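What TrEMBL annotates here:
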type	residues	note
DOMAIN	43-294	domain 'G-protein coupled receptors family 1 profile'
TRANSMEM	28-51	transmembrane segment
TRANSMEM	63-84	transmembrane segment
TRANSMEM	104-122	transmembrane segment
TRANSMEM	143-165	transmembrane segment
TRANSMEM	200-227	transmembrane segment
TRANSMEM	239-257	transmembrane segment
TRANSMEM	277-296	transmembrane segment
Amino acid sequence: MGNFGTNITSTTSFTLTGFPEVEGLEHWLAAFLLLLYAISILGNILILFIIKEEQSLHQPMYYFLSLLSVNDLGVSFSTLPTILATLCFHVPETAFDACLTQMFFIHFFSWTESGILLAMSVDRYVAICNPLHYSTVLTDTRVAHMGISIIIRSFCMVFPLPFLLKRLPFCKDNMLTHSYCLHPDLIRLPRGDTTINSTYGLFIVISAFGVDSVLILLSYALILHSVLAIASQEERLKTLNTCVSHICAVLIFYVPMVSVSMVHRFGKHAPEYVHKFMSLVYLFVPPMLNPIIYSIKTKEIRKKLHKILLGTRY
């Protein structure tokens, strides 16, 4: 029986469904998604370029922002191949190993983003609650160690997922709900027992996203307590304004992510287009909006961007 399962898995392919709900409008949808990709990729590359070129931005807050931009590029490039294949070239089939590889990277970058947002909340906490020791607490070495730790944690959490799936007996042809491979979508397909996969998936969601979100809330509770102790209302608003970009980044990441998890676990009878729409929001919105938010709310980035635009105009 074990050999039979292995043989089936080795010849398995997956069919990515695209968006049959908008039949006849696929080209418009493809153009719209490619526009979102272009905004996301160009925006994040521009953020990285500005931080590299502007000496005043060589500080912990912007190092973490650079890491966030690199991660957002990773999210975009992880989904781009199958979106192009499905919507533009009408090649919906993907091989088993290719699907597992894509699934690994999509979830790896999602877990990494959660860790980066936590690190950025620590940066805001130290900057506001302990400003005199900011430069000694968040040294370049410590920031580098934090970044490496986030990457290692994400890798260790996601690494078992492909192997847990490979042990299961899949049929030769499998229909996925999305135009890319996600773990919750894949564990619906095997004919074997997926209890271990579901349990491990829930465990890493709670231990990563759950813990990170609680620690982010705790850091902002401490920040708010510190800000309320400031006598001047103008200074209080000025201090809180330094957190607006990060708060927006947290919301546009966690709200869609929680919504996707809830729909997958408790909305199994919801129409397929609901699942597709939520996953699109989850994977497309944060990489696209993060550079826009930080460009608008960060004066140094805004000034440098203005110089670049003026330079290209004349």
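The backbone N, Cα and C atoms fix where each Cβ goes, glycine too.
Spatially, the transmembrane segment (239-257) is adjacent to the transmembrane segment (104-122); three or more Cβ-Cβ distances between them are under 8 Å for residues at least 6 apart in sequence. For the domain 'G-protein coupled receptors family 1 profile' (43-294), the model gives a mean pLDDT of 90.
Of the two recorded stretches, the transmembrane segment (200-227) does not lie close to the transmembrane segment (63-84), with fewer than three CB pairs under 8 Å once pairs fewer than 6 apart in sequence are set aside.
Long-range Cβ contacts of the transmembrane segment (63-84) within its own chain (Cβ-Cβ under 8 Å, at least 6 residues beyond either end) map to 16, 30, 33, 37, 40-41, 44-45, 47-48, 51, 94, 102, 105-106, 108-110, 112-113, 116-117, 119-120, 123, 140, 143, 147, 150, 179-181, 249, 283, 286-287, 290-291, 294.
Same-chain neighbours of the transmembrane segment (28-51): 19, 22, 57-58, 62-63, 65-66, 69-70, 72-73, 76-77, 80, 83, 87-88, 280, 284, 287-288, 290-292, 294-295, 301, 304-305, 308, counting only residues six or more beyond its ends whose CB sits under 8 Å from a CB of the stretch.
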